[in-house]
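**Student:** Dumping the structure here so I can ask a few things about it.
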Amino acid sequence: MSASNITLTHPTAFLLVGVPGLEHLHIWISIPFCLAYTLALLGNCTLLLIIQADAALHEPMYLFLAMLAAIDVVLSSSALPKMLAIFWFRDREINFFACLVQMFFLHSFSIVESAVLLAMAFDRYVAICKPLHYTKVLTGSLITKIGMAAVARAVTLMTPLPFLLRCFHYCRGPVIAHCYCEHMAVVRLACGNTSFNNIYGIAVAMFIVVLDLLFVILSYIFILQAVLLLASQEARYKAFGTCVSHIGAILAFYTPVVISSVMHRVARHAAPHVHILLANFYLLFPPMVNPIIYGVKIKQIRERILGIFLRKDM
């Protein structure tokens, strides 16, 4: 093939619309988005600093919580700065390769977060069902391996997507009807046979959500059985109370996923901004509420946070 026949098949940049149909309200929409992002950064960074600074918190449950906080910081920071630039400055342009990188980080860290929530369910299962073996089972080495396996799974599943998207010819224009570079939003602009991308994207989502959620539910079935076998009501309440914050984090992560999935099938003809706002809710809600859930429910974290503010007031 001669050099004259080699052409660039992809645009140098995409244009992100923001929230289609609500462009005139971008400034107002940016207020809750900015507030949620600020809370997510402050809350998760505070958790990370507290856990890192206090040796008493270097236990499996808190190490998994630190992983979750770090993931939430990366996940929200992958999209929100650019999103706010669109809302505030109408800076809609994003480089093609920057778009692929953003997409890779968003989807990869969502998969990692699902894996960490599953690991936290395993942590609660061992703590309640096999308390005498807790320190022997959940060693520092195993926690490190779980973290590495979570990242390896996400990278393995997501690495093919940027390379596949790079090969398409984008004849439907460079305008992405979204606030960030979501996989299917980019695929819709491509020409040619995109069926593999469609199937692969759905298969990965179903594999992650169904498999991880299934194991989480199984863990809690065993936990519930063990709790009900405890002699006193106080012991049952105390044992299950250690799971409340984790259940809250699971609901915060999976509920928007389920709602968005149902809306895509039940309300296909709904205005585009409905689906976009739901997608943004999924991206913003877990990072914002996870620090609140754990800060309120876990006594050790709550005491450290209160200690910080009390020292400032003195």
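Using N, Cα and C of the backbone, Cβ positions are placed for all residues, glycine too.
As listed in TrEMBL for this protein:
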| type | residues | note |
| --- | --- | --- |
| TRANSMEM | 25-50 | transmembrane segment |
| DOMAIN | 43-294 | domain 'G-protein coupled receptors family 1 profile' |
| TRANSMEM | 62-88 | transmembrane segment |
| TRANSMEM | 94-122 | transmembrane segment |
| TRANSMEM | 134-155 | transmembrane segment |
| TRANSMEM | 199-231 | transmembrane segment |
| TRANSMEM | 243-263 | transmembrane segment |
| TRANSMEM | 275-296 | transmembrane segment |
**Student:** Against which stretches of its own chain does the transmembrane segment (199-231) lie, if we need a Cβ under 8 Å and a gap of at least six residues from its ends?
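**Tutor:** Non-local partners: 111, 114-115, 117-118, 121-122, 124-125, 128-129, 157-158, 160-161, 164, 183-184, 187, 239-240, 243, 247, 250, 254, 257.
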**Student:** Given the cut-off of 8 Å on Cβ pairs that are 6 or more apart in sequence, determine whether the transmembrane segment (243-263) and the transmembrane segment (25-50) share at least 3 such pairs.
**Tutor:** no
**Student:** Which listed range (25-50, 62-88, 134-155) shows the maximal number of Cβ pairs under 8 Å with respect to the transmembrane segment (275-296)?
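**Tutor:** Comparing 25-50, 62-88, 134-155 against the transmembrane segment (275-296), the winner is 25-50.
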**Student:** Can you give the mean pLDDT for the domain 'G-protein coupled receptors family 1 profile' (43-294), rounded to a whole number?
**Tutor:** 89
